[in-house]
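S.K.: Just passing along the structure, written as C-alpha cells.
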Amino acid sequence: MKRDGAEKEAPVSALPVDPKPEQAATAAPPATELGEKEVQAQSAAAAAAPSHSDDAKEELSSAETEPPIVGDSDRQKFSTSPARQVSVAMGELNRAEYVSVGESPSSPVNNAKKVSVLPLVFLIFYEVSGGPFGVEDSVGAAGPLLALLGFLVFPLIWSIPEALITAEMGTMFPENGGYVVWVSSALGPFWGFQQGWMKWLSGVIDNALYPVLFLDYLKSEIPALGGGLPRVAAVLALTVVLTYMNYRGLTIVGWVAVILGVFSILPFAVMGLVSIPKLRPSRWLVVNLKDVDWNLYLNTLFWNLNYWDSISTLAGEVENPNKTLPKALFYALILVVLGYFFPLLSGTGAIPLNRDLWTDGYFSDVAKIIGGAWLSWWITGAAAMSNMGMFVAEMSSDSFQLLGMAERGMLPEFFGKRSRHGTPLIGILFSASGVVLLSWLSFQEIIAAENFLYCFGMILEFLAFIKLRIKHPAASRPYKIPVGTVGSILMCIPPTILICVVLALSTVKVMIVSLAAVAVGLLLHPGLGYVEKKRWLKFSVSADLPDLHFANRDRPDTLVY
C-alpha cells in the first residue's frame with residue numbers, strides 16, 4: 001500500500017546526530033521553522049561541542065546548506081551516521097533511533113511497558129504448546145515408540161528451523177508486523193498482505209478452539225455446559241473475559257501466561273515422579289508399522305509443534321528484541337519439547353498399553369491410575385487453564401499483527417489505534433469477533449482448516465527468508481543463523497516436504513474451504529486499494545518505521561522490493 005500522497009512527497013532526509021541524550025539536544029529543528037541566523041547559531045554551538053568528531057562537524061555543516069525536506073507527517077528520522085541509513089532501510093531499529101523534532105532519541109513510541117524474557121518465554125510456550133494436552137492421539141495413532149520418536153525428531157525437522165528463522169527475521173525487522181513485514185520486504189506488499197490475511201485467519205480459527213475445549217473439560221462436572229443455550233452463553237462469557245485481559249495490556253497477559261504455565265506444567269512433573277516405581281521400559285518399544293494412522297499421527301505432531309513465528313508480531317512490544325527474542329525462543333523450545341516428551345514417557349511406561357483409550361483428555365485418566373483422583377483433578381484443572389493461556393497468547397499475536405499491518409499502510413489507519421493500555425483495541429475486537437463466529441466448528445474441522453492456511457503462510461516465509469539471504473547477504477542481522485546461503489536453502493527443504501505432505505492429506509472439503517479463504521485475500525487487497533484511492537478510509541505508514549518500498553529505491557544495499 002502507498003501512504004497518502006506518497007507520489008507527491010520527496011523522501012524524508014535523515015540527519016546524523018550523536019546518540020547520547022545530552023548531546024541530542026543540539027540537533028537543529030527543521031530549517032523551515034528557523035531563521036538563517038538561528039540555524040547558523042545552532043550549527044556553531046554543535047561544532048563547539050568537544051564530543052563531536054571532525055566528520056560529524058562536516059555533516060552538520062552540510063545540513064546547514066541542505067535543509068531536510070519534511071513530509072506531511074512533520075516528523076524527521078535521525079540516525080547516528082550516513083552508514084546507518086542503510087540499516088534503517090533494512091528494518092534494523094536497535095542502533096538507529098527514530099525521533100520527532102524536539103524529542104530525545106530515547107522517547108518511547110507508546111506508553112506500554114515492554115515484555116521481558118520470562119513472560120516472552122511463556123507467551124511462546126502458549127503460542128506453540130500450552131502443555132501436553134492433545135498429544136494423546138499420537139499414541140493412539142502410532143503407538144508409544146513412534147509417539148516418543150515423533151516428539152524428538154519432529155522438532156529437528158520443523159520446530160528448530162522455524163524458530164531459527166523467526167529469531168533471525170524477527171531481530172532483522174523488530175516490529176509488530178512480524179512475518180508480514182518479512183514477506184513484504186522480500187516479495188512485495190501484495191504477498192505481504194496475503195501472508196497477513198492467511199496467518200491472521202489461521203490464528204483466529206485456532207483461537208476459536210480454546211473456549212470450546214475449556215468447556216469440554218468442565219462439562220463432565222457441569223453437564224449443562226455440554227450443549228444448548230448454556231454452552232453458547234458460557235463461550236461468549238469466557239471470550240469476553242479473556243478478551244478484556246488482552247485489552248488491559250501485553251505485560252499483564254505475559255505474567256498471566258507465566259502463572260498459568262507453571263500451573264499447567266507442575267502436575268505432569270509430579271506425575272513423572274510418582275510414576276517412577278511403575279515404569280516398564282519395554283512398554284516404550286511397542287510399535288506396529290502396519291497399524292499406523294499416518295494422517296492423524298502427522299497432524300497431531302504438526303498441530304502441537306508449529307506457530308513459532310507467531311511471536312514475531314509482538315516484536316515491537318519486546319524489551320531489547322535483538323537479544324530477548326532469540327533467547328526466549330531457545331528457552332521456549334526446550335520447555336515445549338520436554339513438556340511433551342516426559343509426560344508421554346511416564347504415561348506410556350507406567351500403565352499397560354491400550355491404544356484405543358489414547359485420545360484427547362486421556363492424561364486425566366492416566367494420572368488417576370498413576371497417582372489417584374487428586375492428581376487427575378489437578379491435570380483436568382491444568383488442562384482448562386492451559387486453554388485460557390493459549391487463548392490470550394494467540395489473541396495478543398493476532399491483534400498486534402493487525403496493528404502492525406496498519407502501521408505499514410496495509411490496513412486502514414484505525415487498526416493502528418492503541419488503547420490507553422497500549423493495546424490494539426480494534427484488532428482485539430476484530431479477533432474476538434472472529435473467534436465467536438467460528439466457535440461452532442468441530443475440533444477436526446478447526447485443526448484441518450488452520451493447518452492448511454498455516455502451510456501456505458509458511459511457504460511464503462521460507463521464500464522470503466531465502467530471497468533475503470541471497471539478495472542481501474551482507475544486510476545487518478542482529479541474530480544470524482550460522483549457515484550460508486546453501487545451508488539456508490537446505491534447512492528449509494525438510495519442513496517444505498512436510499508441508500506438502502500435510503496439504504496432500506487434507507480432505508476435499510477442507511481444501512475447498514481453505515482455497516476459498518485464500519481467494520478472499522486475493523480480492524481483499526485490491527479492494528482495499530480501491531477504498532484508499534477513493535479516500536473512503538485513511539491509510540498511512542507510521543513515521544516511526546523505515547520505509548520498505550518507497551525510500552532509497554536507487555540504493556543497491558537496501559532491502560527494498
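Backbone N, Cα and C define each Cβ position, glycine as well.
TrEMBL annotations: computationally assigned, not manually curated.
Annotated compositional bias 'Basic and acidic residues' per TrEMBL: 1-10, in sequence order. As annotated by TrEMBL, compositional bias 'Low complexity' applies to 40-51. Look at TrEMBL and you will find 1-84 tagged as region 'Disordered'. If you look up TrEMBL, you'll see 115-135, 141-165, 177-194, 229-247, 253-274, 329-353, 373-393, 425-443, 449-470, 482-505, 511-531 marked as transmembrane segment.
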S.K.: Taking residues 6+ outside the transmembrane segment (229-247), which of them lie with a CB under 8 Å of any CB in it?
M.R.: 211-212, 214-215, 253, 256, 388, 391-392, 395-396, 399, 419, 421, 423, 425, 428-429, 432, 435-436, 439
S.K.: Are the transmembrane segment (511-531) and the transmembrane segment (373-393) near each other by the rule of at least 3 C-beta pairs under 8 angstroms (pairs 6 or more apart)?
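M.R.: No; fewer than 3 Cβ pairs under 8 Å.
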S.K.: Taking pairs 6 or more apart in sequence, does the count of Cβ pairs under 8 Å between the transmembrane segment (329-353) and the transmembrane segment (115-135) hit 3 or more?
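M.R.: Yes, the stretches contact each other.
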S.K.: When you scan the chain for residues with a C-beta under 8 Å from the transmembrane segment (482-505), skipping those not six or more beyond its ends, what do you find?
M.R.: 157-158, 161-162, 164, 294-295, 298-299, 302, 451-452, 455, 458-459, 462, 465-466, 469-470, 473
S.K.: Does the chain bring the transmembrane segment (511-531) near the transmembrane segment (177-194), so that three or more CB pairs sit under 8 Å (pairs 6 or more apart in sequence)?
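M.R.: Output yes: the transmembrane segment (511-531) sits against the transmembrane segment (177-194).
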S.K.: At a C-beta cut-off of under 8 Å, are there same-chain residues at least 6 beyond the transmembrane segment (141-165) that contact it? List them, or none.
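M.R.: Sequence-distant neighbours of the transmembrane segment (141-165): 128, 135, 283-288, 291-294, 296-297, 300-302, 304-306, 308-309, 329-330, 332-333, 336-337, 340-341, 344-345, 348-349, 353, 355, 458, 461-462, 465, 481, 491-492, 494-495, 498.
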